[in-house]
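Visitor: Can you keep this structure in mind? I'll have questions shortly.
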Amino acid sequence: MLVAIIIHAVIQEYMLDKINRRMHFSKTKHSKFNESGQLSAFYLFACVWGTFILISENYISDPTILWRAYPHNLMTFQMKFFYISQLAYWLHAFPELYFQKTKKEDIPRQLVYIGLYLFHIAGAYLLNLNHLGLVLLVLHYFVEFLFHISRLFYFSNEKYQKGFSLWAVLFVFGRLLTLILSVLTVGFGLARAENQKLDFSTGNFNVLAVRIAVLASICITQAFMMWKFINFQLRRWREHSAFQAPAVKKKPTVTKGRSSKKGTENGVNGTLTSNVADSPRNRKEKSS
């Protein structure tokens, strides 16, 4: 946690603050830029590190390793250090709310997603589902990295929208792939395992109640994220429609009074008619 706080401060002071002074952001954009800058750096580092572990331990070539030989209570050093680093980073996010002087209205949103990260990472670590947890974390971190890096480009140039479109497609794909891998591992792989007895000494939690709880927590979280995603897309669509909508022209109002009455007597809409032009008074002026 102390290392994460120090790295957080170094990135803030030597990178983000210098960019903020050049761009002259408003207070709202300033806080969002700092948030995306910190998270994009963390997501990129964690995604590259997790991908290296997946490749080195042959997770990609043999997907059955996600549930085979459960419980996975023996971990390599880099796997264990990865999980400890993840827990340390998200625990350090609590004091950072004070150091960054986060607004009171933003604190509940921050606490929700910090709590969700800690709940799922700690759950995968304690229930010895570290193989599945690693794959899902790398997948989720990659999608979140695209969002925050796109938001950084958007703050520098508001015409940049392509990154959000790519993120929207990959976000939906990531949610579907998360559900598929979770159901395949917990619902089919672990359900067919021979050893299905609760044993704290060996770290075996492969029982029906635990499997249902794991799948329920994953499905509820994915549904919550999709609900937030749909609301975000609807808000962007409304803002874009309001910006593109042409201004409604106001109809000219007819003022009542002497001038309007005089105008109607002299013609239609203020123009002379043929009868008025040929009136006796006009013919007398012409003859003189």
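Just so you know, glycine gets a Cβ as well, placed from its N, Cα and C.
Those TrEMBL annotations? Automatic predictions, nothing curated.
Keep in mind that what you see is a predicted model, and the values were worked out from it rather than measured.
Grabbed the feature section from TrEMBL, which reads as follows:
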type	residues	note
DOMAIN	31-240	domain 'TLC'
TRANSMEM	41-61	transmembrane segment
TRANSMEM	81-99	transmembrane segment
TRANSMEM	111-128	transmembrane segment
TRANSMEM	134-154	transmembrane segment
TRANSMEM	166-188	transmembrane segment
TRANSMEM	208-230	transmembrane segment
COMPBIAS	248-261	compositional bias 'Basic residues'
REGION	248-288	region 'Disordered'
COMPBIAS	266-277	compositional bias 'Polar residues'
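Provide an account of the burial state, proximal residues and distances for the features listed.
Guide: Nonlocal intrachain contacts for the transmembrane segment (111-128), taken as residues 6+ away from its ends with a CB within less than 8 angstroms of a stretch CB, comprise 70-73, 83, 86-87, 90-91, 93-94, 97, 134, 136-137, 203-205, 210, 214, 217-218, 221.
If one looks beyond the transmembrane segment (208-230) by at least 6 residues along the same chain, the residues whose Cβ comes under 8 Å of a Cβ in the stretch are 116, 119-120, 123, 127, 129, 168, 171-172, 175, 178-179, 182-183, 186-187, 190-191, 196, 198.
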Visitor: Is the transmembrane segment (166-188) in contact with the transmembrane segment (41-61), using three or more Cβ pairs under 8 angstroms as the rule and ignoring pairs under 6 apart in sequence?
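Guide: No, these stretches are not in contact.
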Visitor: What average pLDDT is reported by the model for the domain 'TLC' (31-240)?
Guide: 92
